[in-house]
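S.K.: Here it is, the structure in full.
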Amino acid sequence: MPNGSANKLPHVTTRRMLDMKERGEKIAVLTAYDYTMARILDRSGVDAILVGDSASNVFSGHNTTLPITVDEMIYHAKAVVRGVQAETSRAMVIVDMPFMSYQLSPEDAVRNAGKIMKEHECDAVKMEGGKVIAEAVKRITDIGIPVMGHLGLMPQSIYKYGSYKVRAKEGDEAEQLMEDARILEESGAFAIVLEKIPSKLAGEVSRSLTIPTIGIGAGPECDGQVLVINDMLGLNTEFHPRFVRRYADLSSVIEKAVQSYVADVRANSFPSEDESY
């Protein structure tokens, strides 16, 4: 991704992430869906920005991630890339491949991954699944597109699970997750998100791989962490799972600011003479 800022910093690449794991340096990832937030995240020092299909929930108001389309993901990704380029261009930009954009066939997966990369110059794509998507991951990485995997709770499979409960708590599912992680690494994935699995299992997976793991609700032994920006900033007041640490209560801040604006407009105290031409 080209750098449009005068304050150039080393861009985070897949190689840089591998180096960070080797050095024991934790990787900080957050989601973003728009230009303004991407600028803030990049200049704040995050290592990577995930343009998540969680935009389906927090941006568009859907109950699941399933409705969002490839074109909608590209729209959000273009805005995020422009935001990063306007700042330091340090953060890697990773884009979720939405539901049914890679499940039909490896050929379909390659086509859609290529479209996502070509239209907005992001750094990588992310896909949910293990052995079942291994051929698609290999085909995509073979043509030069980096792939981040995603195991554990996979939101695109929510109707299969029936709930958002912790996954891989039992032996068989835990063993399958370990195997899927190994398969993804062998297929060429440069990193794997581990979502809502026991901390001990996440540690075992992380130690068994040479590629980094990025946890969300998977404990402190992962090589990095990711959160949905709306959750960690306290913008989503109706969703507060155990794994989310709120670093701000922006919902209340925004509400108070809007109430003040409405009051000033109704009292005709805004705009003032100093705010008029």
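Backbone N, Cα and C atoms are what each Cβ position is placed from, and that goes for glycine too.
According to Swiss-Prot, the protein carries these features:
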type     : residues            : note
BINDING  : D53, D96, E128      : Mg(2+) binding site
BINDING  : D53, S54, D96, K126 : 3-methyl-2-oxobutanoate binding site
ACT_SITE : E195                : active site, proton acceptor
S.K.: Between E128 (Mg(2+) binding site) and S54 (3-methyl-2-oxobutanoate binding site), what is the CA-CA distance rounded to a whole number of Å?
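M.R.: For E128 (Mg(2+) binding site) versus S54 (3-methyl-2-oxobutanoate binding site), the Cα atoms are 13 Å apart.
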S.K.: Roughly how many Å separate the Cα of D53 (Mg(2+) binding site) from that of E195 (active site, proton acceptor), to the nearest whole number?
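M.R.: About 14 Å separate the Cα atoms of these two residues.
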S.K.: Does DSSP put D96 (Mg(2+) binding site) in a helix, in a strand, or in coil?
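M.R.: Its secondary structure by DSSP: strand.
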S.K.: Can you give me the same-chain residues 6 or more apart in sequence from S54 (3-methyl-2-oxobutanoate binding site) with a CB-CB distance under 8 Å?
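M.R.: Once residues fewer than 6 apart are set aside, S54 (3-methyl-2-oxobutanoate binding site) is near T31, T65, D96, P155, V228.
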S.K.: Hey, which of the binding-site residues D96, E128 is the loneliest by Cβ count within 10 Å?
M.R.: E128
S.K.: Same chain only, sequence gap of 6 or more: which residues have a CB within under 8 Å of the CB of E195 (active site, proton acceptor)?
M.R.: H150, L151, G152, L153, M154, P155, R167, G215, I216, G217, A218
S.K.: Can you name the residues of this chain that are 6 or more positions from K126 (3-methyl-2-oxobutanoate binding site) yet have a C-beta less than 8 Å from its C-beta?
M.R.: L50, I94, V95, D96, M97, V147, M148, G149, H150, V193
S.K.: So the record assigns D53, S54, D96, K126 to 3-methyl-2-oxobutanoate. If I measure every Cα pair among those residues, what is the longest distance in angstrom, as a whole number?
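M.R.: Between the outermost Cα atoms of D53, S54, D96, K126, the distance is 12 Å.
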S.K.: Have a look around D53 (Mg(2+) binding site) and count the other CB atoms within 10 A of its CB, chains all included.
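M.R.: There are 28 of them.
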S.K.: Cβ within 8 Å of the Mg(2+) site centroid (D53, D96, E128 excluded): which residues?
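M.R.: Here the non-site neighbours turn out to be G52, S54, T65, M97, P98, F99, K126, M127, H150, P155, Q156.
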S.K.: Once the DSSP letters are reduced so that anything not helix or strand counts as coil, what is K126 (3-methyl-2-oxobutanoate binding site)?
M.R.: strand
S.K.: May I ask you to report the DSSP-based helix, strand or coil state of the residue listed as 'active site, proton acceptor'?
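M.R.: SS state of the residue listed as 'active site, proton acceptor' = strand.
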